[in-house]
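J.: Provided herewith is a single structure, encoded as structure tokens, for subsequent inquiry.
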Amino acid sequence: MKEQQQSLLLSSSARFPPPQGVRLSYGTAGFRADAGLLQSTVYRVGILAALRSLKMDSSVIGLMITASHNKESDNGVKIADPSGGMLSQHWEPFADALANAPSPQHLLHLIIEFVEKENIPLEGVRPAQILLGRDTRPSGESLLEAAKQGISSILGAVAIDMGIVTTPQLHWMVRARNKGVKASELDYFEQLSSSFRCLMDLIPSGSTFNEVDNKLVVDGANGVGGEKLEVLKKMLDGLAIEVRNSGKDGGVLNEGVGADYVQKEKVVPHGFSSQDVGIRCASLDGDADRLVYFSVPSESSSKIDLVDGDKILSLFAVFIKEQLNILNKEGHTDVNSDYQPRLGVIQTAYANGASTDYLRKLGLEVLFTPTGVKYLHEKAAEYDIGIYFEANGHGTIVFSESFLCWLESRNNELSSIVKGSEQQKAALRLLAVSKLINQAVGDALSGLLLVEVILQHMGWSIHRWTELYRDLPSRQLKVKVVDRTAVVTANAETVAVRPPGIQEAINAETAKHPQGRSFIRPSGTEDVIRVYAEASTQEAADSLANSVAKLVDQFLGFSSS
């Protein structure tokens, strides 16, 4: 590494000393902490983003400053890779080492070592481009400045500030830039609104969707999503959206509002009341990468009927399967249709068992992965069409390039032979879905538009959707243990292979309850084991969870040591 680059790193890093006695680690959500502790970390992630861009042949990299559904005083930072997906896991240990290096000299030594090992071309021979985004948190502005300082401490690296955006918007922009297409915020809104319009125009004429059903009320979590939805809704026809908790009326980000709160507490968010009985409602999280729906069942209670990520996944799966069935119908022998697209539905063990049963009964291929979006996305990408969601409302649909090419040519063939046929409409619908959904990452805004157009297509109210299946009652518990690494799981975390004997004991407890299912897994961040249990009644689910928690304590708890 040349002298000039070394002295630039040393002088700039001296301005961002790391906080004393704090150790941060890069997880699925990047780095997250109290905003006051993050200046040095965000500066260093700026360096990492520039190095990542150089490593990836000068591809555009994203750097997003957000703490999603955390409280407003927290903040965080994460990287978007050239595909628009998450930072490669292979780089996570380097991110940890970088964030925790105690001095400018240590930091420089780490960078020199890593650059050599990864063969990264420094010295400004190649440009590096990083798109920066942040959510609405007050701490975002000064952290953005730290990120810019980090980026400019690598010669030839350029930071492009995209302003206040949702996390999925930034991921979308990175993916679009690297595909060589236009990638401003307006381009994002135009792609969403035009593909939404296309799907609306293809709704079958007999579809029954009345005026009452046409209204949607959205909780914007007092965050960036509510703000952006106000802009997007002006570009939409055929959908009446009222945004509450947009952050404009003095509400606090994520406080008693947002998808995380609604999904966990199962109560109405702030700003909703008994006047909303029977209306279709939705909730975004703080950075708009999660979406859940709900309805208020009665005037006398603050409880809600929740429509979580599992039900959103089911709605998408039903619609896509229907389009594929129409597309593969016999009847036009001149059209080459012997290609059978593979549709895969991906869940984690936390998905409610009733949803998995429902999807399998539809004849869909359902697979489990370990908990975490990176595992779900990776598995979904193995299919022509992969749909994944977590119950918390984070998920998307991924289309393979080869399938989209096939679909384009199939649509062209059909339009030349049987233009306007049901088969051609199905091809057009699938092409529009591939443009409406954010294939880079879960996106509450694009997901919301897809839900809305499918409900209109099916002629379904939120109540009809809720009744697709009835969730099995479930209970989650945490058990403090001496060493969480003593639990080793297999089969996408559904089976505990260590300690020996524990899985057999869990099986014996599970067998006592109708429709019983339970699993344990170590937490990724603290010395606790997480217990999940479900059964035919809430009482049975609670009883099973408690029995399994006792087993964990016997095998691994403080009493066992």
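Even glycines carry a Cβ here, placed using N, Cα and C.
Just so you know, TrEMBL annotations never went through curation; they're auto-generated.
Just lifted these from TrEMBL, have a look:
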type	residues	note
BINDING	SER68, ASP285, ASP287, ASP289	Mg(2+) binding site
ACT_SITE	SER68	active site, phosphoserine intermediate
DOMAIN	213-292	domain 'Phosphoacetylglucosamine mutase AMG1'
DOMAIN	308-460	domain 'Phosphoacetylglucosamine mutase AMG1'
BINDING	GLU390, ALA391, ASN392, ARG521, PRO522, SER523, GLY524, THR525, ARG530	substrate binding site
DOMAIN	479-550	domain 'Alpha-D-phosphohexomutase C-terminal'
J.: By CA distance, which of the binding-site residues (SER68, ASP285, ASP289) lies nearest to GLY524 (substrate binding site)?
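T.: Of the binding-site residues SER68, ASP285, ASP289, SER68 has its Cα closest to that of GLY524 (substrate binding site).
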J.: Among GLU390, ALA391, ASN392, ARG521, PRO522, SER523, GLY524, THR525, ARG530, recorded substrate binders, what is the largest CA to CA distance in Å?
T.: 20
J.: Counting Cβ atoms within 10 Å across all protein chains shown, which of the binding-site residues ASP287, GLU390 comes out on top?
T.: ASP287
J.: Could you say which of the binding-site residues SER68, ASN392 has its Cβ with the most other Cβ atoms inside 10 Å?
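T.: It comes out as SER68.
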J.: To the nearest whole angstrom, state the Cα distance for the pair ARG530 (substrate binding site) and SER68 (Mg(2+) binding site).
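T.: Computed Cα spacing between ARG530 (substrate binding site) and SER68 (Mg(2+) binding site) is 23 Å.
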J.: If I take the alpha carbons of SER68 (Mg(2+) binding site) and ASN392 (substrate binding site), what is the distance between them in whole Å?
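T.: Spelling it out, the Cα of SER68 (Mg(2+) binding site) and the Cα of ASN392 (substrate binding site) are 13 Å apart.
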J.: Given a 10 Å Cβ-Cβ cut-off, pick out the one of the binding-site residues PRO522, GLY524 that has the most other Cβ atoms nearby.
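T.: Result of the Cβ crowding comparison: PRO522.
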J.: Tell me the Cβ neighbour count for ASP289 (Mg(2+) binding site), meaning other Cβ atoms within 10 Å of its Cβ, over all protein chains shown.
T.: 30
J.: Looking at the binding-site residues listed here (GLU390, ASN392, PRO522), whose Cα lies nearest to that of ASP285 (Mg(2+) binding site)?
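T.: Closest by Cα distance to ASP285 (Mg(2+) binding site) among the binding-site residues GLU390, ASN392, PRO522: ASN392.
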J.: Between PRO522 (substrate binding site) and ASP287 (Mg(2+) binding site), what C-alpha distance do you get in Å?
T.: 27
J.: Give me the sequence-ordered set of same-chain residues, not including SER68, ASP285, ASP287, ASP289, with a C-beta within 8 angstroms of the centroid of the Mg(2+) site's C-beta atoms.
T.: THR66, HIS69, ASP135, THR166, THR167, GLY223, GLY225, ALA259, LEU284, GLY286, ALA288, ARG290, ALA444
